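As written in Swiss-Prot, here are the features:
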DOMAIN    6-149  domain 'Nudix hydrolase'
MOTIF     38-59  motif 'Nudix box'
Amino acid sequence: MIDAEGFRANVGIVICNNQGQVFWARRYGQHSWQFPQGGVDDGETPEQTMYRELHEEVGLRPEDVEIVASSKHWLRYKLPKRLIRRDSSPVCIGQKQKWFLLKLRCKDEDVNLLKTHHPEFDDWRWVSYWYPVRQVVSFKRDVYRRVMKEFAPFAMPFNKREQQKDHWRNKR
């Protein structure tokens, strides 16, 4: 779905582990790394798209994660001119993205990048929370900075958050 301004509706996915690290994946056959993301199909909600992309790109199911937060607004980035396909109609000049912060509830071994015949990624690793902002391709950097800043209050190491909940439960 491309809007009247030429932006394709898309979701981005930040997956955190209990240590507050984030899932960072290498694009298949390339040297670039990014968060999972994908386009919204006609009739899909952003949440439905997120779960579909999570399964297609990372091999995880809804029960493998917990939604912690979603971005308040759609965040946009423009594609560099060299990446715009002028022969398609309508012409897509960039992405507008709704972002989701997920907590991983399964084992690392459950991640399967080869769920589809055309995998998006060929490797992945856990990285520190702010690492992607400096490492993503330059045209996505502002969106990554904005979404990571928005999610930061929710993304402190989850094990510490759960310890705090237990601490306050025991004080009552």
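Using N, Cα and C of the backbone, Cβ positions are placed for all residues, glycine too.
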Residues of the motif 'Nudix box' (38-59) by DSSP state, where helix covers H, G and I: 13 helix, 2 strand, 7 coil
Please work out the helix, strand and coil residue numbers for the domain 'Nudix hydrolase' (6-149) from the DSSP assignment. 39 helix, 49 strand, 56 coil
